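Database features (Swiss-Prot):
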type	residues	note
ACT_SITE	Asp262	active site, proton acceptor
BINDING	Gly101, Gly103, Arg104, Lys123, Asp135, Gly136, Arg186, Arg193, Asp272	ATP binding site
BINDING	Asn263, Asp272	Mg(2+) binding site
Amino acid sequence: MPLREVTMTLDSLRFDNAWARLPEDFFTRVSPATWKNTRLLDISPRGCRALGLDPACFDDDAPARETLRQLMGGETVLPGMAPLAQKYTGHQFGVYNPALGDGRGLLMGEAQTADGYWDLHLKGAGQTPYSRFGDGRAVLRSSVREYLAGEAMAGLGVPTTLALALATNDEKVQRERVEPGATLLRLAPSHVRFGHFEWLYQSRRHDDMRRLVDHVIERHRPALAASESPAEALFGDVVARTARLIAAWQAYGFVHAVMNTDNMSILGLTLDYGPYAFMDAYDPRLVPNHTDANGRYAFDQQPGVGLWNLSVLGQSLTPLAEPDALRDRLTEYEPALQQEYARLMRARLGLESVVEGDAQLVQDWLTLLAEAGADYHRAFRALGEWAVDDGEWLRQEVPVEGLSAWLSRYHERLQEEERDAASRRDAMQAVNPLYVLRTHLAQQVIEAAEAGDEAPLVEFRRLLADPFTARPGMERWAAAPPPQASVICLSCSS
């Protein structure tokens, strides 16, 4: 998303809380819990600019910084905020669960900015009627991971939620171990999920579903308002955006790991970062979530899961649109995903033109990476240097016999391009990240933050915001992962 010059301060935010004007059982009004000794760890310049805020307004000793700290700790709300927890349902690992909703987070308010609306959602805000058996708290470990994930995905150009700030507190939270508490102020144009529509469909509340469709269109997709069938038009929009989103996940080696329908954004954003991972060694079957024993949400399953989730959403919309028309829209998913994936992978290979056989060239490159156990991200960086160096780095990264034959085909393909080698290298390095949110690096940041040192968090966040540009002295963040990095297990506990 574009970052623009800003001058607003925190107290100048204005809220228009449209969700609170929907039927009362769409939500429950809840006041955030107050946590002991809340301390700000970092404030995101990208998050500030999304809201139209001047990052300088949060400088040390600035009044807005203390106000933000109090907001993160549940000690205050901003004028115009109306905290609430949203109700929704969804399919979790393929099974419908009617008892879902915001269980640890609150929609604090919907800020109106020059670029549209932004939800301010406080994660770790305490228990709600939808907490089920949860304590409503968030831990520092998962909050750091979500904070960095938004920065990393935005830096890569992948649609995502963001965060304005990350804070910790003196609460001790029981998970697999006792962990420090935290709060995260998440930002998104909307938190509407596929599961919101599933809830209304399963409850046979067709009039309320029409209100929800109208709400999403009016708030976020006004160009669809004049459509003959607004629900069908909205579904087509969601299909296209979801296809592009998952294509980007596949191109950049990202595994969401918990693609339940309640974690799917109606706006095509990456939502709810849990046991996600950016792959190290290229492994199409990567499953970073140790609770996903059957690999339902493995890396190579994500495109198919996206289609399945969209089919559930389409079924939910059948009271408002012709089923055949919705099915026709659903058939647009795979071509849209393939087209976007091909575009992204051509760019990663330095190809501007479209030539028959490019898809096979890409697939054969990935086969080499899998055979070699090559690092997915470093291999692309090394390939970018191949045409301007002796290729030694590339041979180190992809040490397999078939590399030479593939490079001969690649060289032949490059003859159909107009760019010279140096220009192509620059273009490739502008889309192939040097700094990647690897699991072991996130763990190092977490351990430092738990020990009271937020400097690695701030440093890594700055690199992830622009992951393509090398910076002096930052070599450790770009180094190859150690062998033990592959044994780190992740869980859904947050």
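Quick reminder: no glycine exception, Cβ is built from N, Cα and C everywhere.
Set side by side, the recorded positions Arg186, Asp262 differ in how many other CB atoms lie within 10 angstroms of their CB, and the most is found at Arg186. Within 10 Å of Asn263 (Mg(2+) binding site), as judged by C-alpha distances, the binding-site residues found are Asp272; the full candidate list was Gly101, Arg104, Arg186, Asp272. Counting every protein chain shown, the number of other Cβ atoms lying within 10 Å of the Cβ of Asn263 (Mg(2+) binding site) is 20. Sequence-distant neighbours of Asp272 (ATP binding site): residues of the same chain at least 6 apart with a C-beta under 8 Å from its C-beta are Val258, Asn263. For the pair Arg104 (ATP binding site) and the residue listed as 'active site, proton acceptor', the Cα-Cα distance reads 14 Å. Annotation for Asp135 (ATP binding site): same-chain Cβ neighbours under 8 Å, separated by at least 6 residues, are Arg104, Gln127, Val173, Gln174. Here the binding residues for ATP are Gly101, Gly103, Arg104, Lys123, Asp135, Gly136, Arg186, Arg193, Asp272. Their largest Cα to Cα distance works out to 23 Å.
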